[in-house]
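**Q** Sharing the features that TrEMBL gives for it:
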type	residues	note
BINDING	B:182, B:183, B:207, B:208, B:264, B:286, B:295	ATP binding site
DOMAIN	B:60-164	domain 'THUMP'
């Protein structure tokens with residue numbers, strides 16, 4: 001099997017599963033229970049929080065453990081919007097955000113908020129000036145992803161953080177789900193107020209993650225209850241999942257420091273191999289994230305290519321898994337002003353630190369085969 | 001181009017006359033300990049200031065650490081460049097961008113190397129103009145600038161210094177002796193410890209532990225608080241005194257109204273004995289006048305009778321809100337408010353005497369002999385060494401393979 005759909009989800013590391021298992025058996029007590037067994041669980045939770053804070057260069061009080069990216073994005077956006085509605089009701093985001101950001105924003109629009117969706121260039125990148133132009137007296141939040149999940153485009157996070165540091169009343173939220181472990185950003189940066197992380201994109205488990213909420217940020221909680229996570233996210237703590245998430249954080253940090261160049265070189269190999277195929281049009285920028293390559297094969301239905309590759313046990317995807325059940329046009333590619341042929345025929349190959357050079361070579365060979373096979377039945381006539 | 005050093009200006013210790021050398025040495029030692037996580041940094045001492053050479057370490061992280069060291073008045077990023085116009089321009093711009101919210105600035109250039117062709121008076125507009133051309137909405141204000149960029153052209157090289165960051169102030173920890181802090185786990189005592197550290201005092205701590213009335217989590221709280229304090233000083237040794245038997249005996253045998261006063265007197269006696277054994281010459285408490293029954297003038301007088309060691313009470317005149325402000329600033333607040341019983345809250349009498357007298361306290365105590373209990377408690381006292389980096393850098397063995 002060759003798994004090249006790592007932006008959808010990653011295979012959990014065995015060590016992560018071990019942590020989950022041990023966290024579920026030896027530390028099953030509720031961390032909020034006051035007996036000694038609960039105390040041990042709480043100690044593990046607090047150690048996990050410290051570790052996470054250290055890897056992410058933030059204060060441990062700034063780590064809110066969540067159920068993953070969607071929750072983190074919703075808590076950041078709605079939490080900030082509800083909390084500061086008296087200050088203003090204007091939010092700035094971009095046209096190419098993940099659905100959990102876009103839909104959260106749209107839901108706020110039904111409640112009387114105004115949202116500016118900043119456009120992007122043909123590579124999917126926002127322009128700093130465009131954000132600057134949208135800033136108003138009543139702007140309370142800017143939400144931007146660090147790495148686009150479909151294209152791998154890297155957004156100018158540091159520049160936006162610098163820009164917004166002159167606007168102390170505007171919170172800056174970064175959706176760092178795709179960037180974590182691959183395209184580092186300095187979350188400790190003064191200009192970043194909120195940052196979403198997800199466990200299952202870094203070989204952790206689904207249903208785990210964290211929202212970093214800086215000390216000065218107050219959020220209106222989405223879940224009210226027992227007051228866990230400093231009352232910002234009530235609900236019995238998912239200790240095994242959290243333990244596994246922090247373990248995954250540690251492993252991905254180690255991998256990043258050792259294997260970053262290797263991953264980049266695999267990316268370049270894949271990129272240039274695809275560039276040499278006449279039928280292929282590359283959508284990802286060459287200087288994008290090292291683990292995502294998006295391309296179109298105009299005239300070919302992406303689903304058919306995916307299934308043909310799947311028969312050879314090679315797994316890639318169309319656009320993002322989260323929106324692949326919707327109509328076939330990729331709204332991200334549309335926002336990049338690509339023509340309809342390209343937006344309806346896009347494929348995404350996403351790598352991980354476990355991907356090998358041989359797998360890339362085998363994928364390219366199989367892809368050639370598939371294109372040849374399909375040429376007879378599909379080709380440009382479709 | 002990036003900053004290659006941090007310039008450190010001394011605070012009060014600059015006034016120390018003949019002892020100044022000693023103060024500087026202690027500061028250098030404390031800085032060296034503090035910067036252990038940044039192994040490439042080097043500390044250089046000159047006549048009236050110190051430099052931390054970054055050697056590639058992340059400037060902001062090193063700055064943050066330096067800001068937690070007492071004895072420093074202010075700090076600035078600085079950079080050494082070649083005496084070339086282009087390099088000076090680039091460095092001046094870098095120094096300005098460091099002050100991200102600054103809207104006005106001025107350049108103050110000094111030229112001690114008279115062979116350098118550009119005069120100081122020409123340097124100011126030259127470098128200022130370069131900053132103006134490369135920024136927006138920024139103006140020069142020579143009287144009251146948001147940031148002053150200092151440029152010094154010396155014989156060896158030119159130095160450009162960015163905005164001032166505030167230091168922690170006070171005196172280097174270790175220059176004014178050692179004190180034993182009574183650490184309960186509440187909001188006050190860690191703040192008191194912090195302010196004592198600020199005066200250059202090294203700390204040990206004592207904690208009274210009464211299982212099962214107080215839990216392991218209450219003890220952990222104290223260890224975590226000591227961990228925060230150790231960031232500002234060095235290692236803090238926490239003496240954990242088993243106090244259950246004594247509290248039970250007080251509860252059984254002393255009149256209820258005086259039980260709290262007598263408990264405090266015994267704590268003082270034990271603390272003094274620990275201090276004596278460790279060669280420590282004073283005790284520090286988080287007492288603040290008028291806060292609770294044990295902190296009335298009468299109470300303090302009755303409790304203080306049992307020791308003639310000096311008691312440092314930095315909070316005595318502070319309001320609760322002022323204390324809370326500091327505890328938030330130094331990150332002890334969130335630890336202190338964890339909701340676990342501590343030794344001072346478990347055996348609280350319904351109506352403690354707010355005006356106890358020394359005579360009565362001594363009279364009640366005379367009917368019961370506590371000497372043996374105190375001896376036993378001292379014998380069973382354990383010492384936990386708390387270092388700043390134990391909590392964050394080393395994973396507890398128990399969780400080692402888990403996280």
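Heads up, residue numbers simply count up from 1 along the chain you see.
Placement of Cβ uses the backbone N, Cα and C atoms for every residue, glycine included.
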**Q** Is it possible to list how many residues within the domain 'THUMP' (B:60-164) are helical, extended or coil according to DSSP?
**A** 35 helix, 34 strand, 36 coil
**Q** Same chain only, sequence gap of 6 or more: which residues have a CB within under 8 Å of the CB of residue B:295 (ATP binding site)?
**A** B:287, B:288, B:289
**Q** Would you find the one among the binding-site residues B:182, B:183 whose Cβ has the most company, meaning other Cβ atoms within 10 Å?
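**A** Sorting the candidates by Cβ neighbours within 10 Å, the top entry is B:183.
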**Q** Would you mind pulling the DSSP three-state label for residue B:286 (ATP binding site)?
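**A** Looking at the DSSP assignment, residue B:286 (ATP binding site) belongs to neither helix nor strand, so coil.
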**Q** Restricting to the same chain and to sequence separations of six or more, state which residues have a Cβ under 8 Å from that of residue B:207 (ATP binding site).
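**A** Residue B:207 (ATP binding site) has long-range Cβ partners B:183, B:184, B:185, B:219, B:222, B:238, B:239, B:240, B:241.
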**Q** Which of the three DSSP-derived classes (helix, strand, coil) applies to residue B:208 (ATP binding site)?
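**A** Residue B:208 (ATP binding site) sits in a strand per DSSP.
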**Q** Let me know the DSSP-derived helix, strand or coil state of residue B:182 (ATP binding site), please.
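**A** For residue B:182 (ATP binding site) - judged by DSSP and reduced to three states - the answer is strand.
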**Q** Considering all pairs of residues in B:182, B:183, B:207, B:208, B:264, B:286, B:295, annotated in the record as contacting ATP, what is the maximal C-alpha distance expressed in whole angstrom?
**A** 19
**Q** With Cβ-Cβ distance below 8 Å and at least 6 positions apart along the chain, what are the contacts of residue B:264 (ATP binding site)? List them in sequence order.
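**A** Long-range Cβ contacts: B:294, B:299, B:303.
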**Q** When DSSP states are folded down to helix, strand and coil, where does residue B:264 (ATP binding site) land?
**A** helix
**Q** Any idea what the model's mean pLDDT is for the domain 'THUMP' (B:60-164)?
**A** 91
**Q** Measure from the Cβ of residue B:286 (ATP binding site) and count the other Cβ atoms within 10 Å, all protein chains considered.
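**A** Around residue B:286 (ATP binding site), other Cβ atoms within 10 Å: 25.
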